[in-house]
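Annotated features in TrEMBL:
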- 5-249: domain 'Carbohydrate kinase FGGY N-terminal' (DOMAIN)
- Asp9: site 'Important for activity' (SITE)
- Gln72, His73: substrate binding site (BINDING)
- Asp242: active site, proton acceptor (ACT_SITE)
- 258-437: domain 'Carbohydrate kinase FGGY C-terminal' (DOMAIN)
Amino acid sequence: MRTLVAGVDSSTQSCKVVIRDAESGALVRQGRAAHPQGTEVHPDHWWAALQEAIERAGGLDGVAAVSVAAQQHGMVCLDERGDVVRPALLWNDTRSARAARDLVEELGGPERWAEAVGSVPVASFTVSKLRWMAEHEPENARRTAQVCLPHDWLTWRLAGSPDTITTDRGDASGTGYWSPATGAYRTDLLELAFGAVPALPRVLGPADDAGTIADAGIVEDAATVARAGTRAPVRLAPGTGDNMAAALGVGARPGDVVVSVGTSGTAFAVADAPSSDPSGAVAGFADATGRFLPLVCTLNAARVLDAAARLLRVGPAELDELALQGPPGAGGLVLVPYLEGERTPNLPEATGSLRGLTLATATPAHLARAAVEGMLCGLADALDALGLDPRRVLLIGGGARSEAVRRIAPTVFGRPVLVPEPGEYVADGAARQAAWSLAGGTEPPEWAAGRTAVYEAAPTPGLRERYADAAARP
Ligand SMILES: Nc1ncnc2c1ncn2[C@@H]1O[C@H](COP(=O)(O)OP(=O)(O)O)[C@@H](O)[C@H]1O
Ligand SMILES: O=C(CO)[C@@H](O)[C@H](O)COP(=O)(O)O
């Protein structure tokens, strides 16, 4: 009988589960469930969505190992008994913007942070959220005995909430108090931010053992339980942050840049050495293979398309049609997509804007085109900020399902774009990590890569310049 592995992507908008053959990587079954809206969410909702997604994927029957990847940075605080202290503040919650600015100043400037942990904190980082809580909710801060991240918490719940919580290098690198260069916590920075040092998860290596799923870890129907009988223990892999898992899922190699159009927009690359950018644009994360993952993140990606579709009262397919009908450059109409504030550039209080509106550009097609182009201009800036000359640019994430995004991306990026078959690359990366934890060894198992479509088009003259001008003058 073949061995199966399960990969979980507990990201901002939903939880996805894929079940794959551990040896070949072939997809066997999958399921998903929605997460609530909002930038603070009680972790119990993630737990409920995980159960639902597992059920929709046909349960864990035959699965030998599970790995959970999840949205990065979210602050999950637990009390002495392991109960959640308050709803988690997510990566896209910007109330901690001032706390981040204060922390940068208190340590002596952005260079000091980049040197210490590879990244300069912005509102998204866990360290900034902890400072916000210490200042605004002292009673919750006092009750906080442990701090962990979304994937740590879900893995721990699957294990039946044992004494120790675990994490991995990738997710730890998004806290702001763990150094990818030294592989150690900087509890001095946590103390600076929070005024105390709560217990922190143990940082596991890429294919380490994070325990086994407890019987109570998954809700299963009676028939499945009866079929399973005395089931072999289901191993838990370390899990990781969603971008780290995406890199593993898409098989990113040095020389590739991956651009993900999810709730966040990210551009990242696998690197052999740690990075540190004092400008704060590039976060110097660790990856899920023992390497590193310099990454630029925007707060506004696929939801810009959702917002444009809502304004135009159309669905995603019609938005695509409209955007492709609109002229390249949208006749000078520019949408600056700071709908949730922005992280790169660091403008947490910014709002979106529309420039170049004339009688001629006041059409649904121009607006749809400007929305896709504006969102992609933000990502092109992210790509440029990495400072690499990539061999391949791979486009993934929910937004890459849009034909307009796929066809317009090369006109904005000024280079060909490779689009892997639409899929759940974060969950796939987690599944590959689960297979790796079963097989052992120093590298993840080789799984056959799917088909990749190449999109090529001439760059649209003046587009990036008009966007830069509009973004600089909100
Ligand atoms: N066919 C489609 N066309 C355009 N956008 C799509 C399509 N399918 C999904 N999306 C977009 O995918 C987004 C979710 O992307 P996803 O990567 O799953 O997000 P996350 O992982 O952050 O929860 C939605 O906001 C939606 O805009
Ligand atoms: O904050 C970051 C990266 O630093 C985000 O990329 C989050 O990890 C959320 O990811 P998605 O839900 O958009 O995939």
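Quick reminder: no glycine exception, Cβ is built from N, Cα and C everywhere.
Taking the Cβ of Asp242 (active site, proton acceptor) as reference, residues of its chain lying under 8 Å away and at least six apart in sequence are, in sequence order, Asp9, Ser11, Ala69, Ala70, Gln71, Gln72, Gly262, Val426. DSSP assigns Asp9 (site 'Important for activity') to a strand segment in the three-state reduction. Closeness to ligand 2 is met by Gln72, His73, these being the recorded positions among Asp9, Gln72, His73 whose Cβ falls under 6 Å from the molecule. His73 (substrate binding site) falls within neither a helix nor a strand when secondary structure is assigned with DSSP, and so counts as coil.
As a whole-number mean, the pLDDT of the domain 'Carbohydrate kinase FGGY C-terminal' (258-437) in this prediction is 97. Its Cβ placed at the centre, Asp9 (site 'Important for activity') has 29 other Cβ atoms within 10 Å. Sequence-distant contacts of His73 (substrate binding site), defined as residues of its own chain at least six apart whose C-beta falls under 8 angstroms from its C-beta, comprise Leu90, Trp91, Ser124, Phe125, Thr126, Lys129, Leu149, Gly174, Thr175.
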